[in-house]
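Shown next, in structure tokens, is the structure this report addresses.
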Amino acid sequence: MPGRLLIPVSACEPNPCKNNGICTPPENAYRCSCTPGYLGPNCDVNACLPNPCENNGTCSPVDKGYICNCATGYLGKLCDVNPCDIYNPCKNNGRCYPSEFGVSCSCPPGFIGESCQDSEDITLVVVEERVCDVTECKARGGRCAKQRCQTDVNNCGGKACTANNEVCIDDTCVNYGKYNVLPFY
């Protein structure tokens with residue numbers, strides 16, 4: 001048209017790219033280069049909304065997507081792997097739960113130990129099967145307990161019994177609050 005100056009209109013005016021995306025105008029179109037964490041043709045999709053990370057994991061935007069920072073004890077791209085599902089060391093119906101160092105066990109009543117492997121019951125092994133004769137037992141340096149003569153009372157080979165009400169019998173710390181008597185054959 002004579003007398004008129006045509007100025008080409010840029011597809012990037014106004015900028016169609018959201019969230020500080022940079023518009024590049026190829027011929028008759030545009031292309032957005034999105035800032036970290038934003039996706040889509042117009043950079044209008046936040047990769048962390050809604051939070052794709054499970055088990056209290058936090059989402060961090062990165063180029064063309066996100067990464068999950070997992071809460072203590074959880075694994076996987078989405079923090080959806082409980083390490084107890086991979087390795088459960090808990091015995092005797094102990095409950096496995098993720099911890100700072102991998103997994104830990106919560107023991108049911110009556111069991112103790114890192115893997116709930118030990119019974120809280122202290123087993124008292126009776127040294128002799130004879131009925132306790134107070135005179136004879138004391139003469140041998142022993143003591144009567146549950147009608148059995150026990151020797152080496154409070155001799156734990158240099159180890160101290162530390163729990164409440166424990167005494168040492170035949171190199172074993174014994175708690176008289178709860179025990180089982182097993183015959184010695």
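Quick reminder: no glycine exception, Cβ is built from N, Cα and C everywhere.
A TrEMBL annotation is a machine prediction, not a hand-curated record.
Here TrEMBL flags Cys34-Cys43, Cys107-Cys116 as disulfide bond. Per TrEMBL, domain 'EGF-like' is recorded for 8-44, 45-77, 80-117.
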**Asked** When DSSP states are grouped into helix, strand and coil, how many residues of the domain 'EGF-like' (80-117) land in each?
**Response** 4 helix, 13 strand, 21 coil
**Asked** Per DSSP, what is the residue tally for the domain 'EGF-like' (8-44) in helix, strand and coil?
**Response** 0 helix, 8 strand, 29 coil
**Prompt:** Hey, what's the Cβ neighbour count for Cys43 (disulfide bond) at 10 Å?
**Reply:** 22
**Request:** Count the other Cβ atoms sitting within 10 Å of the Cβ of Cys116 (disulfide bond), across every protein chain shown.
**Result:** 21
